[in-house]
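K.L.:
Below are the features listed in TrEMBL for this protein:
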{"type": "DOMAIN", "residues": "8-152", "note": "domain 'Flavodoxin-like'"}
{"type": "BINDING", "residues": "Ser14, Gln15, Thr16, Gly17, Asn18, Ala19, Ser61, Thr62, Thr63, Gly64, Asp134", "note": "FMN binding site"}
{"type": "DOMAIN", "residues": "220-470", "note": "domain 'FAD-binding FR-type'"}
{"type": "BINDING", "residues": "Arg369, Arg399, Ala400, Phe401, Ser402, Gly436, Leu437, Cys438, Ser439, Trp624", "note": "FAD binding site"}
{"type": "BINDING", "residues": "Thr478, Ser544, Arg545, Lys550, Val551, Tyr552, Val553, Gln554, Asp586", "note": "NADP(+) binding site"}
Amino acid sequence: MGEKQRKLLVLYASQTGNALDAAERIGREAERRGCPASIVSTDEFDPSSLPHEESVVFVVSTTGQGDSPDSFKEFWRFLLQRNLGNSWLQRVRFAVFGLGDSGYQKYNFVAKKLDKRLLDLGATTIVEKGLGDDQHPSGYEATLDPWMLSLWSTLYQINPKYFPKGPDVMIPQDELTDQPKYRILYHKQETLEPELMAESDIIERARGMSPGKLSKDKTKPDCFLKMTKNEVLTKAGSTKDVRHFEFQFVSSSIKYEVGDVVELLPSQDSSAIDAFIKRCHLDPESFITVCPRETENNGSCGEVITHHVPIKLKTFVELTMDVTSASPRRYFFEVMSFYATAELEKERLQYFASAEGRDDLYNYNQKERKSVLEVLEDFSSVQMPFEWLVQLVPSLKPRAFSISSSPLAHPGQVHLTVSVVSWITPSYPYKRTRKGLCSSWLASLTPEQEINIPVWFHKGSLPAPPQSLPLILVGPGTGCAPFRGFIAERAVQAQTSPIAPVMFFFGCRNKDTDFLYKDFWESHAREGGMLSEVKGGGFYTAFSRDQPKKVYVQHRILEMRKKVWDLLCDGAAVYVAGSSTKMPCDVMSALEEIVMEETGGSKEMASRWLKALEKAGRYNVEAWS
């Protein structure tokens, strides 16, 4: 008997779904070349069985400031055990593909540390790690495409049994139309018992059935918030529209701390939802349940169906499928090509789905931020089954915001500081105006509407500081949001006990138009306030466009180097919040310069000094793109 067919294991760790998409793509491309692939999340794989695998591809994303996806944390803890020797994985070959954003300091940190640890445990690399970059015009796929070709070629050289017909011989695409992974069951209304359900249960029911639900996602909201204030903070002439929102808890309240993050589930435009349902020839009033086919095949589909109470199709679309703001992925265009009846549309879709058409697809799709609805309207001959749409339409994701209130200073309330996102697409002649789904929806709300907003609370990257801890805060633009909560909280604490000094560096374009919470900061900078120099702190502003030479927060930090250094020596913690593009790196460089100057050490020594600060929990960054 000949040697049996080789199988490829693809392990992924995804926070938002991108790494899952990439892992599925690797699996599909392997199978098209005749190599069976198994795609498993790292939190559903037993890491102790890793030595028994022959070839493993890891696809891992890096979130925030070098953070691991939640689904990776247990797996990573297992790999760090000291009793695993340097020959534990000596029979294993592996390849790592990372997804990250080079705008962040710790670009693809998770992929890099995983690659190193696997080598330390004795595993052998198949190909050099691939690092996908969100900043690239074509996204991570610009790296993934050539990386996969190298992976197939090397695997074939290692053992031709992976690809019996060679790494370049693919099953024709029209012979391999994958089955959708989900099955939709339609229910007759007369067989359904009328059921009064709480709003939170409806959301939990819909999102619990959604393919976009990642492992360990909480589908039921922690609670609901109701808007009580919608105030424009920026003045006429500003290039931005920044809002201050206040909310109160509806029925139950959740305990939170300063520095925490709240996620809101936005509502989509109802007319766009209706247009999507009409375009796809769906019945909005029908009741459905969504069942994974794998459970159907192993006989447990009935159990899933009894667990999932049917839900109205329109409600399912509204709560789980982002048809109005998210751009579809490449595989969406590939599946569309199977259902296109117009020959020109079919050819164009096949081209978009190919490696050769990647850049043109980017120009058509991501660059223009086409929505699913717009793409379906552009290819009018395509009639995709709802099962495929449920699987491939990007999931409607909650949007995360730093909380700008303090539960001590603002009991029963949650405040947010939100920049309303709006931009014009670059491609001539379209030049379309696009708006952020959640921020523009929030900006359109009024307290009188009394809309219940589903929310989830969780810890961010900024731990709540004890009042005895001196602070150096850096928060330009909406990065000031969490620090408004910090200062408000310390003001309450100061009424009964001593508090440590706080230095705050704030920046924006223009003093007259963009100075967010001006009265709040200035009142606390006056004598006796939380930011007053009398109390050992200070409030420092950088208005970048108010003079010929641009001035940013890092320049103000350098101007106050002596005071910054003294506070660091007194045990201060540094907190940085705001845009991820350059600011966090520039702030770190300014602090490195101060450390070098004050200690007389080298740049490397200063870098190590700040890394030690970070390790001790005294250097915290929350940045967003």
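Backbone N, Cα and C define each Cβ position, glycine as well.
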K.L.:
Which ones, of the binding-site residues Asn18, Arg369, Ala400, Ser402, Ser439, have a Cα no more than 10 Å from the Cα of Thr478 (NADP(+) binding site)?
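P.N.:
Within 10 Å of Thr478 (NADP(+) binding site): Ser402.
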K.L.:
Average the pLDDT scores across the domain 'Flavodoxin-like' (8-152) and report the rounded value.
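P.N.:
Mean pLDDT for the domain 'Flavodoxin-like' (8-152): 92.
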K.L.:
When secondary structure is assigned with DSSP, how many helix, strand and coil residues does the domain 'Flavodoxin-like' (8-152) contain?
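P.N.:
Per-class counts: 58 helix, 34 strand, 53 coil.
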K.L.:
Relative to the Cα of Ser439 (FAD binding site), which of the binding-site residues Thr16, Asp134, Arg545, Val553 has the closest Cα?
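P.N.:
Answer for the nearest of the binding-site residues: Thr16.
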K.L.:
For Arg545 (NADP(+) binding site) and Asp134 (FMN binding site), what Cα-Cα distance in Å is obtained after rounding to a whole number?
P.N.:
29
K.L.:
Which of the binding-site residues Ser14, Thr16, Ser61 has its Cα nearest to the Cα of Arg369 (FAD binding site)?
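P.N.:
In terms of Cα distance, Arg369 (FAD binding site) lies closest to Thr16.
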K.L.:
If you measure Ser14 (FMN binding site) to Leu437 (FAD binding site) at Cα, how many Å is it?
P.N.:
23
K.L.:
Does Ser402 (FAD binding site) have same-chain partners at least 6 apart in sequence with Cβ under 8 Å from its own Cβ, and which are they?
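P.N.:
When sequence neighbours closer than 6 are ignored, Ser402 (FAD binding site) has Gly259, Val261, Leu416, Thr417, Gly460, Leu462, Ala481, Pro482, Ala577, Glu622 within Cβ distance under 8 Å.
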K.L.:
Between Leu437 (FAD binding site) and Asp586 (NADP(+) binding site), how far is it from one CA atom to the other, in Å?
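P.N.:
Checking the Cα atoms of Leu437 (FAD binding site) and Asp586 (NADP(+) binding site) gives a distance of 30 Å.
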K.L.:
If I take the alpha carbons of Asp134 (FMN binding site) and Val553 (NADP(+) binding site), what is the distance between them in whole Å?
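P.N.:
Here the two Cα atoms are 26 Å apart.
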K.L.:
In sequence order, which residues at least six apart in the same chain have a CB under 8 Å from the CB of Asn18 (FMN binding site)?
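P.N.:
Within the chain, Asn18 (FMN binding site) has Cβ neighbours under 8 Å at Ser61, Leu99, Tyr140.
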K.L.:
Say you check the Cα of Thr63 (FMN binding site) against those of the binding-site residues Val551, Val553, Asp586; which is nearest?
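P.N.:
So, spelling it out, the nearest of the binding-site residues is Asp586.
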K.L.:
Taking the Cβ of Thr478 (NADP(+) binding site) as the centre, how many other Cβ atoms fall within a 10 Å radius?
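P.N.:
Counting Cβ neighbours of Thr478 (NADP(+) binding site) within 10 Å gives 24.
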K.L.:
Can you name the residues of this chain that are 6 or more positions from Asp586 (NADP(+) binding site) yet have a C-beta less than 8 Å from its C-beta?
P.N.:
Tyr552, Val553, Gln554
K.L.:
As a test of the contact definition, list every same-chain residue at least 6 positions from Ala400 (FAD binding site) whose Cβ is closer than 8 Å to its Cβ.
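P.N.:
Counting only residues 6 or more apart in sequence, the Cβ neighbours of Ala400 (FAD binding site) under 8 Å are Val261, Val262, Glu263, Gly460.
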